[in-house]
């Protein structure tokens, strides 16, 4: 590397990388359980392939590179390791972008559920993948823009790396707003679906008809609770970044709240999958 392109992985980050890697791997345990249940039970495999199973598989696969990077860092970075500026940017920021994108699986499912339940449109895995790609496109485009036109910035994991200036400029504002808003979209859409099913159920019960959509309602409530986890962990990060640039000290989160949320963010996948499966009787049995 030339001096202008030289970067380093910082050994001081290793203790955090150890913690992060352990939490990320623990977060995959519910997905492994889901895989075993789906393999043994054809009803689970067929009934939930476009919802719970889709969100679990996508979260696992898309976040895996970030998990492996933290595992590598925890195992091998015991001293400063020289790398290139581009490599530092790709591993530190690029893999974080993929990790953010993993939770777009929940947003994709929430869109499909609104279309299928409220508007009676057929949705399958291909449509889910389309919504997932659409939700992920903005932050990937912003990341590529950061590589092309960003400035050299130091970072606690590795640096210098390429990223936007820490100033209230449109591209950085868009980045922080994306992280804040995307998980909330899933919450809103899942709430719309759940409210629609509750209203539909009450209407049928009041007319003396038996409703056959109880399981649909359970799935809707499970997805709603599932989407609340990244809304708490990811959206709070976006909020803090926005406040750090535009806000005042009075608007900032206290340290006793910030630290637990930061730690929980590495368990986001495990928590949202556990909650969703716990809400559906088929998985509990």
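Backbone N, Cα and C define each Cβ position, glycine as well.
Under the heading transmembrane segment, TrEMBL lists 20-39 (among others).
TrEMBL lists 51-77 (among others) with the feature transmembrane segment.
According to TrEMBL, the feature transmembrane segment maps to 97-119 (among others).
According to TrEMBL, the transmembrane segment annotation covers 131-148 (among others).
For 177-198 (among others), the entry in TrEMBL reads transmembrane segment.
Sequence annotations record features per position, and here TrEMBL assigns transmembrane segment to 219-243 (among others).
For 263-283 (among others), the entry in TrEMBL reads transmembrane segment.
Counting Cβ pairs under 8 Å that are 6 or more residues apart, the transmembrane segment (97-119) and the transmembrane segment (20-39) reach fewer than 3 and are not in contact. Long-range Cβ contacts of the transmembrane segment (131-148) within its own chain (Cβ-Cβ under 8 Å, at least 6 residues beyond either end) map to 58, 86, 89, 93-94, 97, 100-101, 104-105, 107-108, 111-112, 162-164, 171, 174-175, 178-179, 182, 185. The transmembrane segment (20-39) is in contact with the transmembrane segment (263-283), judged by 3+ CB-CB distances under 8 Å for residue pairs 6 or more apart in sequence.
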